Amino acid sequence: SQFSLCVTFLYSNANFNTISNPFFSGNLTKRIVLSIMVEVIAFIVTVILAMMNSSEWPGAFFWITMTTVVILNMASGIYQNSVYGMAAKLPFKYTGAVVLGSNVSGTFTSIILLLSSEFASSVRTAAIYYFITAMFFLLLCFDTYFALPLNKYYRYHELMKEKEMESNQRMNPSQRPPYWTIFKQAFPQLFNVFFVFFVTLSIFPAVHSDVKQSDKNFMVPEKHFSNICCFLTFNLCAMLGSLATSWVQWPKPKYLVWPVVLRVVFLPLFLFCNYQPLNITRVLPVYINNDWVFWGLGIVMSFSSGYLSSLGMMYAPQSVEPRYAMTAGMFAAAMLITGIFTGLLFTRLCPMFVQHNFLDWLI
């Protein structure tokens with residue numbers, strides 16, 4: 001099922017994001033190159049599977065797919081963790097740029113989703129094109145990583161970081177990074193990153209995409225209502241939120257927790273919309289029965305997700321000593337995936353809230 005696929009995807013990604021800090025803290029080049037190669041191979045296998053007729057062996061197809069997903073996301077977890085660690089060597093705005101890149105890819109995927117729903121001859125054809133496009137971008141990542149040393153700006157910061165690490169090794173030749181100390185110092189920002197993504201993934205995409213159109217005369221056709229008002233809106237606004245941190249960094253690290261925690265109000269607000277989960281009879285009254293209000297909530301939720309998550313990711317490496325910035329950046333990446341994973345698990349409770357009218361439990 002779709003939920004099994006998502007859980008497998010995020011569980012393996014979250015685990016490898018977490019354990020790759022203390023146990024695989026070696027050369028970033030090896031980590032990045034090997035993880036990209038594994039991802040490319042996994043996508044090649046996936047494309048081959050998509051081209052085959054699996055109707056006679058659905059069980060084997062399911063387990064091969066799950067195994068591919070696990071391998072793919074082990075590699076993805078290491079790659080993502082390494083990229084955030086690499087960005088932490090640079091001025092903090094570049095960590096925000098990595099988050100921005102993730103949201104740009106989401107926007108691109110949403111546009112492809114709209115186009116494929118209009119023009120693709122079948123779901124299988126659309127899936128094959130999706131995976132081939134993913135392989136193309138992975139190879140592009142491979143090329144651009146090796147092009148980085150040609151950039152004088154990156155080379156300067158890389159050289160400065162290497163000199164700092166060599167100096168530290170001379171003073172403490174056998175000392176490993178104090179992971180627990182780094183975690184404690186960065187914890188406020190790690191919590192911010194975790195909670196932003198927990199709230200966001202508790203809503204998007206499961207609840208967000210199951211909100212149905214209330215007004216049949218709404219400007220967005222019903223066929224594209226979910227694709228535009230959910231997927232495209234979220235990814236586009238999250239991208240703009242991440243982009244905004246290039247010019248504005250407010251609030252400061254000490255006070256970031258307040259807007260992060262206040263975002264929890266989006267959970268009941270989206271449940272109050274015309275949320276109609278599959279095979280569930282809704283008992284909770286629909287308090288927000290206006291498509292414009294729902295769309296507005298989606299815009300604010302998405303923009304705040306991109307903006308606050310970028311700030312948290314940017315602030316985390318700054319909360320520790322400069323020599324430990326890379327490790328703090330990796331911890332932040334692990335908390336990002338952990339927030340996504342736990343948010344996804346929480347969505348399983350949302351149908352129960354509307355099926356039994358959760359407001360009665362509070363009275």
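Note that Cβ sites are derived from N, Cα and C of the backbone, with glycine treated the same way.
Annotated transmembrane segment per TrEMBL: 32-52, 59-79, 94-115, 127-148, 186-207, 228-249, 255-272, 292-312, 324-346, in sequence order.
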Output the single range from 32-52, 94-115, 228-249, 324-346 maximising the number of Cβ pairs under 8 Å to the transmembrane segment (292-312).
228-249
For the transmembrane segment (186-207), sequence-distant contacts whose Cβ falls under 8 Å of one of its Cβ atoms, 6 or more beyond its ends:
230-231, 234, 253, 256-257, 260-261, 263-264, 266-267, 270-271, 275, 301-302, 305, 308-309, 311-313, 315-317, 319-320, 328, 331-332, 335-336, 338-344, 346-347, 350
Contacting positions for the transmembrane segment (32-52) when only residues 6+ beyond its ends and CB under 8 Å are counted:
61, 64-65, 68, 71-72, 74-76, 78-79, 82-83, 86, 124, 127-128, 131-132, 134-135, 138-139, 141-142, 145
